[in-house]
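Novice: I'd like to ask some things about the structure below.
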Amino acid sequence: MGCTLSAEDKAAVERSKMIDRNLREDGEKAAREVKLLLLGAGESGKSTIVKQMKIIHEAGYSEEECKQYKAVVYSNTIQSIIAIIRAMGRLKIDFGDPSRADDARQLFVLAGAAEEGFMTAELAGVIKRLWKDGGVQACFNRSREYQLNDSAAYYLNDLDRIAQNSYIPTQQDVLRTRVKTTGIVETHFTFKDLHFKMFDVGGQRSERKKWIHCFEGVTAIIFCVALSDYDLVLAEDEEMNRMHESMKLFDSICNNKWFTDTSIILFLNKKDLFEEKIKRSPLTICYPEYPGSNTYEEAAAYIQCQFEDLNKRKDTKEIYTHFTCATDTKNVQFVFDAVTDVIIKNNLKDCGLF
């Protein structure tokens with residue numbers, strides 16, 4: 001009797017082949033799926049990185065979407081000048097021109113009555129006059145002593161453009177907007193044949209307990225640090241230096257048992273602001289033991305070492321560090337390209353596909 005397969009056996013073999021094929025396809029699909037968790041203290045630039053992904057890997061912001069940011073631009077601009085004026089009282093700084101005190105009073109009245117998404121010519125004029133004042137500028141230069149948005153000067157210097165009735169925010173204006181992230185914001189995009197899911201998590205302390213369920217199965221963590229925070233205190237805790245808070249958080253993430261096999265990518269962000277600030281504000285404010293000069297290269301390298309030294313598994317775990325400026329699309333594009341190559345190398349080899 002010949003050794004032929006019955007119809008039933010043939011069907012079983014086909015089923016087995018199909019299961020193997022599906023498993024292989026699922027494995028390849030899983031290998032192409034990348035979960036990225038964006039972590040870091042508040043205002044370290046995480047949400048700006050997410051916006052850049054939309055600009056770089058999707059079609060960017062449509063005119064309609066840009067229009068929706070108009071109210072945020074105006075709110076950020078008004079809140080910035082108000083924060084400076086309030087700080088003048090606290091820091092006992094006088095107006096360069098005494099008549100600006102009337103403008104300051106007017107600012108509070110007009111800002112309180114302002115309709116969302118609109119800026120009257122009267123309000124724009126008041127803000128412009130105040131921003132030009134010598135006392136206001138002196139207070140702005142001491143912004144490390146109070147809480148002020150990074151984008152304050154960007155918007156206030158461009159008031160003529162943004163106060164026009166026909167104003168539509170540009171992609172750069174949108175990148176500069178500041179809205180506190182609450183909860184978890186998820187973004188999807190495809191790059192180099194990989195399907196990315198990026199999770200932006202609220203950085204303020206009150207938000208951190210919401211991170212936990214995002215952690216499982218994460219491919220890589222991008223940890224953002226604002227280099228320019230070295231001389232600032234936290235919005236939630238006036239005693240805690242922001243850089244020390246970042247280091248504390250990085251330590252807990254980097255050495256967490258859940259992340260033993262997770263690639264950790266460190267973005268030392270806001271390098272542009274740091275380069276400006278280090279000329280006038282010494283690094284010893286944050287690191288009293290710092291022996292070097294206050295040059296960008298030396299100070300930035302020292303901060304990099306402070307973070308990388310927190311890694312307790314140096315023999316088995318590498319930290320991939322990049323200096324970034326999250327508002328610079330070309331810089332983020334270049335860095336993210338390098339990050340993706342690391343992810344491909346580290347993760348596809350685990351699946352035997354690299």
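Including glycine, each Cβ sits where the backbone N, Cα and C put it.
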Novice: From the ranges 2-10, 173-181, 254-262, grab the one Swiss-Prot calls region 'G2 motif'.
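Specialist: The listed stretch tagged region 'G2 motif' in Swiss-Prot is 173-181.
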Novice: Among the residue ranges 234-239, 240-245, 324-329, I'd like the one that Swiss-Prot describes as region 'G5 motif'.
Specialist: 324-329
Novice: Scan 35-48, 133-146 against Swiss-Prot and say which stretch is down as region 'G1 motif'.
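Specialist: That would be 35-48, the stretch labelled region 'G1 motif' in Swiss-Prot.
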Novice: Of the binding-site residues D150, R176, D200, K270, A326, which one has its Cα closest to the Cα of S47 (Mg(2+) binding site)?
Specialist: D200
Novice: At the level of the C-alpha atoms, what whole-angstrom distance separates E43 (GTP binding site) and T181 (Mg(2+) binding site)?
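Specialist: T181 (Mg(2+) binding site) has its Cα 9 Å from the Cα of E43 (GTP binding site).
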Novice: By DSSP, how many residues in the region 'G5 motif' (324-329) are helix, how many strand, and how many coil?
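Specialist: Result for the region 'G5 motif' (324-329), in helix, strand, coil order: 1 helix, 0 strand, 5 coil.
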Novice: Given D150 (GTP binding site) and T181 (Mg(2+) binding site), what distance in Å do their CA atoms have, once rounded to a whole number?
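Specialist: Spelling it out, the Cα of D150 (GTP binding site) and the Cα of T181 (Mg(2+) binding site) are 16 Å apart.
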Novice: Which of the three DSSP-derived classes (helix, strand, coil) applies to E43 (GTP binding site)?
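Specialist: The residue in question, E43 (GTP binding site), is coil (DSSP, three-state).
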